Amino acid sequence: MENYDLFLPSYCIGNDVYGKIKDICLEYGEKAVVIGGHKGMNAAKDKLIKAAEEAKIEILDFVWFGNDCTYDNVSLLSENDAVKKCDYIFAVGGGKALDTCKCLGQKINKKVFTFPTIASNCAACTIVSIMYNNDGTFKEPYFFLRPAVHTFIDTEILTNAPEKYMWAGIGDTYSKYYESTISAREEELEHFKSLGVGMSHMCLHPLIIYGEKALEDNEKKICSYELEQTALVIIVTTAIVSIFLTRDHTPDYNSGLAHAVFYALTQFEEIEKNHLHGEVVAFGVLILLLCDNAIRDFEKIYEFNKKIGLPVKLQDIGISREQFNEIIDKIPEMSDVKHYPYKVTASMLENALKVLEKKNI
């Protein structure tokens, strides 16, 4: 019998959760450094300063994370004076900022608290940082044992964020259900993987119910029940599923064809500059479902994507058929589909694209 540890996220949610910093963070020290993106730090700064003052926690500095989650940026941050002096890191912003801070915390052995300012992915609560090369292309997942000590989900900040982030987050989140269930098909799974696959339906069904209204409310800057539920699915539910699925530090059950499509497409500047991760993954889910011959689910997700404006054709992500043909042979070689119930082939992808093109005529 295998011995193993598994640690799950701790979080709070609401419009005044930064006030809980005093109760949660003080036991780890009195000096924090805030690291994040410019927009994220600006969105959270006033609330963070107020909460830190009330808790008598000294914020040593607000430090830009470096624009992308790379090992070079992690190394640069580790040499920052405030980072060296702090007791812990307040990671603020979107996925790349949070992943950079999580990797940094592991490298320098300092605690990390996450403060997501957009609901675009589950990075705030996961045990992996998605690392990129300096040119913006995907490098590798960097796994560790424990998630951030605590995640503070401020719904007021999420509500005031541009709706495009939650929109893309929906696409990234529902992919978890399809990728994990296909990857685990007809397998006898360990307890933790069974939990992850079993819970993965919660990454899809609440979004179908609440997602459209959540986006409408996000656009109107209304902090509604639907918006809160959607944010919880994107940030928390998906992270918990991911932790169960990646306990052995492999992407075998935590990823799949939709992400393989995304990572192959990152070689094009158009993708990194003009499109969000979850937006492109949502397109990849359509390819995944067609390759899996899951026509009923394809029709459901196709109509859902159309309803909320997620991609349903290559042109929606700014990619030509010729460009897709350039990377079509790379997709089956991605680590995301190494563990799959069948071999993904370029021919399979070609046929899926033909069906999708015909659907969009």
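Placement of Cβ uses the backbone N, Cα and C atoms for every residue, glycine included.
In TrEMBL, annotation is done automatically, which means it is predicted and not curated.
The following features are taken from TrEMBL:
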type    : residues                                                                          : note
BINDING : Gly95, Lys96, Ala97, Leu98, Asp99, Thr117, Ile118, Ala119, Ser120, Thr126, Tyr132 : NAD(+) binding site
BINDING : Asp172, His259, His277                                                            : glycerol binding site
DOMAIN  : 10-147                                                                            : domain 'Alcohol dehydrogenase iron-type/glycerol dehydrogenase GldA'
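Features as recorded by TrEMBL, highlighted on the structure.
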{"residue": "Gly95", "record": "NAD(+) binding site", "Cβ within 10 Å": "25"}
{"residue": "Ala97", "record": "NAD(+) binding site", "Cβ within 10 Å": "30"}
{"residue": "Asp99", "record": "NAD(+) binding site", "Cβ within 10 Å": "27"}
{"residue": "Ile118", "record": "NAD(+) binding site", "Cβ within 10 Å": "28"}
{"residue": "Ser120", "record": "NAD(+) binding site", "Cβ within 10 Å": "29"}
{"residue": "Tyr132", "record": "NAD(+) binding site", "Cβ within 10 Å": "22"}
{"residue": "Asp172", "record": "glycerol binding site", "Cβ within 10 Å": "27"}
{"residue": "His259", "record": "glycerol binding site", "Cβ within 10 Å": "27"}
{"residue": "His277", "record": "glycerol binding site", "Cβ within 10 Å": "23"}
What's the longest C-alpha separation between any two of Asp172, His259, His277, the listed glycerol-binding residues, in angstrom? 9
Here the binding-site residues are Asp172, His259, His277, and the Cα closest to that of Gly95 (NAD(+) binding site) is found at His277
If you measure between the CA atoms of Ala97 (NAD(+) binding site) and His277 (glycerol binding site) and round to the nearest Å, you get 14
Near-site residues: glycerol, ref Asp172, His259, His277, CB cutoff 8 A to centroid: Asn121, Gly171, Ser175, Ala258, Phe262, Gly278, Val280, Val281, Gly284
Would you kindly give the Cα-Cα distance separating Ser120 (NAD(+) binding site) and His259 (glycerol binding site), rounded to the nearest Å? 15
How big is the Cα-to-Cα gap, in Å, between Ile118 (NAD(+) binding site) and Asp172 (glycerol binding site)? 13
Cα-Cα separation of Asp172 (glycerol binding site) and Asp99 (NAD(+) binding site), in Å? 16
With DSSP as the yardstick, break the domain 'Alcohol dehydrogenase iron-type/glycerol dehydrogenase GldA' (10-147) down into helix, strand and coil residue counts. 60 helix, 40 strand, 38 coil
So of all those binding-site residues, Asp99, Ser120, Tyr132, which one's Cα sits nearest to His277 (glycerol binding site)? Ser120
When you look at Gly95, Lys96, Ala97, Leu98, Asp99, Thr117, Ile118, Ala119, Ser120, Thr126, Tyr132, which the record names as binding NAD(+), what is the longest CA to CA distance in angstrom? 21
